[in-house]
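*Asks:* Sharing a structure below in structure tokens format, with a few things to ask.
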Amino acid sequence: MMGEGEVRVSSGGLGYFGVCAFGGMLSAGTTHLVITPLDVLKVNMQVNPVKYNSIASCFTTLLREQGPSVFWRGWAGKFLGYGAQGGCRFGLYEYFKSLYSNIFGDCNRSIIFFLSSASAEVFANVALCPFEAVKIRVQAQPHFAKGLLDAFPKLYSSGGVFGIGFACSFYRGLLPLWGRNLPFSMVMFSTFEHSVDFMYRNVIQRRKEDCSKPQQLGVTCLAGYASGSIGCLISNPTDNIVASLYYRKADSLKLQAIKKIGLLYLFTRSLRIRIMLVGPVVTLQWLFYDTIKVFSGLPTSGKVSTK
């Protein structure tokens, strides 16, 4: 039964995919905006690991050298870029999941989850890539630009759309971005779907339809945190590479860090702060996303297996 203020949207139609895209855009954009200060710390630790060798030293050094406003640098790029990514990621995931389910049926759910999330993420990262390039330069190079509007033309003039030589351009980091976000998205969505199924079948032991909306959203939060944390572990090495490619001096600094710390650096550098970022952020994204779906008269995300 629908509550006051809810609008009924049928599953599987254009309206349904539109709600999913809108929910993904709003949830991803707002949550990434909120954690901009932590993202500033993460980016600076990645592109200058010799100078910023811990979260505490990075925070105190940036605060002393650039003032408190530094922690909100790149906020517009995060809001717009990750909003665009979230709209494509969630909206197209639901579309491709419906498409592949009709092709393969329910015989192998994991394959459907992997294919759907990977297909959606290809388009999501094309939308994100220019904003990510601008965000990293603004955050890591304080004299490059003040914000999104003046950074875009400067970045374009440095290398065009696809970049030439060592120029840091809009799509120079697209392949590493796919390398980071494709595994992350595949693991995140698959872990979320299987976690929801596990919670209802083995923990709650009730049908989703028999649970209240707050209970369903609670399951969403638990599954969201698990999916974000596990996905973070998988994607950390390529996250470091993405940050380095967009920073002009990163190549030499990265070699210094690898020589000093070893190849394990790619897996451990900024991992702690990424877990602090990604786990709660993905949890909030799933919560906001499913809340929007609930108020639209749709069920929460995650299909419970009947087998």
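Just so it is clear, glycine is given a Cβ too, placed from its N, Cα and C backbone atoms.
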*Asks:* Please identify the range among 12-35, 108-131, 276-299 that TrEMBL labels transmembrane segment.
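*Replies:* Spelled out, TrEMBL records transmembrane segment over residues 12-35, not the other listed ranges.
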*Asks:* Other than its close neighbours in sequence, what residues sit by the transmembrane segment (12-35), given a CB gap under 8 Å and a spacing of at least six beyond its ends?
*Replies:* 75, 78-80, 82-95, 98, 277, 280-281, 284-290, 292-293, 296, 298
*Asks:* What is the number of residues in the repeat 'Solcar' (15-99) that are helix, strand and coil, as DSSP sees it?
*Replies:* 74 helix, 0 strand, 11 coil
*Asks:* Where does the mean pLDDT land for the repeat 'Solcar' (108-198)?
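*Replies:* A mean pLDDT of 81 is what the model gives the repeat 'Solcar' (108-198).
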*Asks:* Going by DSSP, how much of the repeat 'Solcar' (108-198) is helix, how much is strand and how much is coil, in residues?
*Replies:* 69 helix, 0 strand, 22 coil
